[in-house]
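Trainee: Dumping the structure here so I can ask a few things about it.
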Amino acid sequence: MYSLARPFLFSLDAERAHGLGLSALDLAYRTGTTPLLAARIAPMPSTVFGLTFPNPVGLAAGLDKNGEHIDALFALGFGFVEIGTITPRPQAGNPQPRLFRLPEHNAIINRMGFNNAGVDALVRNVERARNRRGLLGINIGKNKDTPNEQAVDDYIACLDKVYPLADYITVNISSPNTAGLRELQEETALRQLVSQLRDRQEDLAARHGRRVPMLVKVAPDLSDRDIDAAARVLGELQVDGVIATNTTIDHSKVAGDPLANEAGGLSGAPVLEQSTLVLRRLRSRLPESVPLVGVGGILSGADAVAKMAAGAALVQCYSGLIFRGPALVSECVEAIRRRREAPSRGAVAPL
């Protein structure tokens with residue numbers, strides 16, 4: 001079914017196609033026709049962060065920024081769906097055009113800039129969702145006009161409001177499309193930010209009688225030294241998990257494409273290798289008690305298995321969904337299922 005719709009969607013402006021595609025998913029969900037788009041997936045429970053996921057394949061943040069399509073996205077078979085990135089106040093993001101497909105490379109460049117309706121709107125949308133078939137992650141960020149020195153206030157504002165509704169929360173400090181945001185990954189800034197968020201997390205756990213795991217999402221463009229420093233900080237602060245990785249600012253893998261010089265983060269097939277290298281190095285540096293979520297360049301079941309072999313406990317896709325359609329979800333789940341049945345093939349490769 002998606003193979004029939006894709007040529008039409010790809011004939012449209014990428015951001016318009018994004019909205020139209022989500023509307024179509026909502027319609028399919030309401031009319032009970034989602035099975036025409038996505039195969040039924042047998043359960044494959046995976047316990048990570050103390051949570052049991054129906055299966056280990058999730059949707060990465062960015063597709064549903066405001067949590068408006070939760071039920072429809074779960075109907076595609078994802079074991080978990082991550083919504084956001086959300087900020088305390090609504091913001092328009094960067095000027096359009098800001099989303100570009102590179103079909104020859106199975107890649108996307110985006111410079112969206114955390115466009116979203118604000119955390120209060122997301123909370124209302126999550127409260128309206130009625131059929132959460134998996135676990136819900138909420139990805140939080142800071143407003144563009146909030147200086148890094150005050151970034152913790154934005155993250156705490158979001159953390160407080162989404163905590164009662166989320167199964168887990170992701171702290172996004174790695175988008176390349178908010179000026180200066182990635183500076184929060186520097187060792188001193190990272191320690192200062194995450195230590196305050198960890199304190200708030202424990203306060204909220206006591207207040208709500210429920211501990212919601214908090215993850216940190218990192219960039220693929222970190223040097224080995226920066227990766228090691230981040231692992232040291234995040235391990236010492238006992239974060240619940242790390243998502244590796246966000247989009248890359250390195251466009252060398254798409255050099256020569258007419259859109260290669262568009263500013264923004266590159267995702268899709270060209271980021272697979274580098275994001276997996278970062279994942280593998282983090283796994284070797286972090287305590288085993290800190291699970292990893294592998295994301296970046298998953299366009300096949302084999303790609304998902306490669307992430308697991310590099311040390312991921314869960315995987316996420318986004319760009320792959322755009323190029324492959326909903327069939328990618330079941331393909332990834334079944335590939336991981338086969339790997340579980342033959343675990344000798346899943347040893348973490350050395351650096």
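Cβ atoms are placed via backbone N, Cα and C, with glycine included.
It should be emphasised that the depicted structure is a prediction, and the values quoted were computed from it without experimental measurement.
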Trainee: Of the candidates K65, K161, which does Swiss-Prot annotate as part of the substrate site that also includes N110, R111, M112, G113, F114, N172, N177, N246, T247?
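Mentor: As annotated by Swiss-Prot, N110, R111, M112, G113, F114, N172, N177, N246, T247 share the substrate site with K65, chosen from K65, K161.
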Trainee: Taking G19, G21, G32, G268 as the options, which does Swiss-Prot list with A61, G62, L63, D64, K65, T85, N139, N172, K217, T245, G297, Y318, S319 at the FMN site?
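Mentor: Given A61, G62, L63, D64, K65, T85, N139, N172, K217, T245, G297, Y318, S319 bind FMN in Swiss-Prot, the matching entry from G19, G21, G32, G268 is G268.
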Trainee: Going by Cα-Cα distance, which of the recorded positions (R111, N172, S175, N246) sits nearest to N139 (FMN binding site)?
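Mentor: Nearest candidate: N172.
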Trainee: Per the record, substrate is bound by K65, N110, R111, M112, G113, F114, N172, N177, N246, T247: how many Å separate the farthest pair of Cα atoms?
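Mentor: For the residues that bind substrate, the greatest Cα distance is 16 Å.
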Trainee: What's the CA to CA span in angstrom from G113 (substrate binding site) over to Y318 (FMN binding site)?
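Mentor: Pair distance, Cα basis, whole Å: 17 Å.
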Trainee: Report, as a single number, how many Cβ atoms besides its own are within 10 Å of the Cβ of R111 (substrate binding site).
Mentor: 21
